[in-house]
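All remarks here apply to the structure that follows.
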Amino acid sequence: MKDIYDVLVIGAGPAGSIAAKTAAEKGLDVLLIEKRQEIGDPVRCAEGVNKEYLKKHVEIDNSWICADLKGSRIYSPNGTKVEMAEEISGGEVGYVLERKIFDRALAEHAAKAGAEVRVKTRATGLIIEDDFVKGARLMNLGKEYEVRAKIVIGADGVESKVGRWAGIDTSLKPIDIETCAQYLIAGADIDPEYCEFYIGNEIAPGGYVWIFPKGEGKANVGVGILGNRTGKFKPRPVDYLNNFVEKKFPNAKIVEMVFGGVPVSGSIEKTSVNGLMLVGDAARQSDPITGGGILNAMDAGKIAGEAAYEAISSGDVSLEKLEEVYEKRWRETTGHDIDMSLIVKNCFINLKDEDLDSLADSLKEVKFESMRLFDLLQALFKANKKLLWDLRVLFKDAAKEVMKNRT
């Protein structure tokens, strides 16, 4: 490990690895570090991802594909089923990944591009001089290092310390985080071509239950509950999950379990300071509805890698420059989608089960294969006029999208 690099990336998840790869491909000297001894482990993710969006960033390798899905099925509290084709099911439906292999592959891509990759290496603090981030203090195998870099990219996940060290407010209120529990089960009787989502205040208050098939009778089965609806004197996510699994898969065996939190807050006020950018869950760039963050993280990582090159090449790594080449760009793309999802989330978390049943009933006969956003919203909210008003901004956005496609 050297003392000086162009770019130091802290965290080797999808956001960090894509940022490191992109910067290295531009000819920058990049160090990518990961605090764990194995990249991609433990997995804290349902592992679903949209095919076409994924192909924007990587060439598909079957070694990290567990299942190729046709679509998704959503079940309302009374069991009403809404089925959607994969193309319009959202960012988490398409492929089911083996994240342990996938994340390592992304880090390998960064290494092949020229980045230096170090595992079991954690940041213990930032080097800040004259109000500029100049690098970080690292710990590797019990030895301390001081590594300087022209730009630091914080990709250290939902529990990010890098942002706090830099003075960025990344705090989350209970309502802004989904507390999650997930089992990998074997011996499950499950349709291998569809993922399933179950909603309702009895089954997952403020969240949902998911099932992602992984082939050969295996599946990720998990639940996310809003943080303000669990805790002391309230059932825990694992309690909801156990209840669901016992009823749905009485003969299945649990072979792995993971627990964690997912930010569903929407984007934070700023994701950069002098000499530093935040990406992925560290920047709260996950989808506020689903909690899914792989694709948003990869998008932001790519933008950050390109921004690092532009800023360093210009000799200007100030906040003003990073706002121009990173902040502005990701907010106009990924950030816009996050803002729209947050509007939907804030409306839906207050719906009663009978409202959810009514909405599902209005959609159960809809042919989703060819439906556009505007058509979907029209059908969805015939059953709930108040919700239609609360989400009126989405209709305006959908109308703009229709007009843009016509020009």
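Using N, Cα and C of the backbone, Cβ positions are placed for all residues, glycine too.
Computed from a predicted structure; not experimentally measured.
As annotated by Swiss-Prot, FAD binding site applies to Ala15, Glu34, Cys45, Ala46, Gly48, Arg99, Ala123, Asp281, Gly293, Ile294, with the evidence given as sequence analysis.
Locations of recorded Swiss-Prot features on the structure.
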residue	record	Cβ contacts under 8 Å, 6 or more apart
Ala15	FAD binding site	Ala155, Val279, Gly280, Asp281, Ala282, Gln285, Ala297, Met298, Ala300, Gly301, Ala304
Cys45	FAD binding site	Arg99, Ile294
Ala123	FAD binding site	Ile10, Ile33, Lys35, Ala136, Arg137, Leu138, Asp156, Lys161, Val162
Gly293	FAD binding site	Val262, Gly280, Asp281, Gln285, Ser286, Asp287
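In the three-state DSSP scheme, Ala15 (FAD binding site) is classed as helix. The secondary structure of Ala123 (FAD binding site), as reduced to three states from DSSP, is extended strand.
The maximal spread of the FAD binding site, taken as the longest Cα to Cα distance among Ala15, Glu34, Cys45, Ala46, Gly48, Arg99, Ala123, Asp281, Gly293, Ile294, is 29 Å. Within 10 Å of the Cβ of Gly48 (FAD binding site) there are 26 other Cβ atoms, across all protein chains.
In three-state terms derived from DSSP, Gly293 (FAD binding site) belongs to neither a helical nor a strand segment and is classed as coil. According to its DSSP assignment, Gly48 (FAD binding site) is in a strand.
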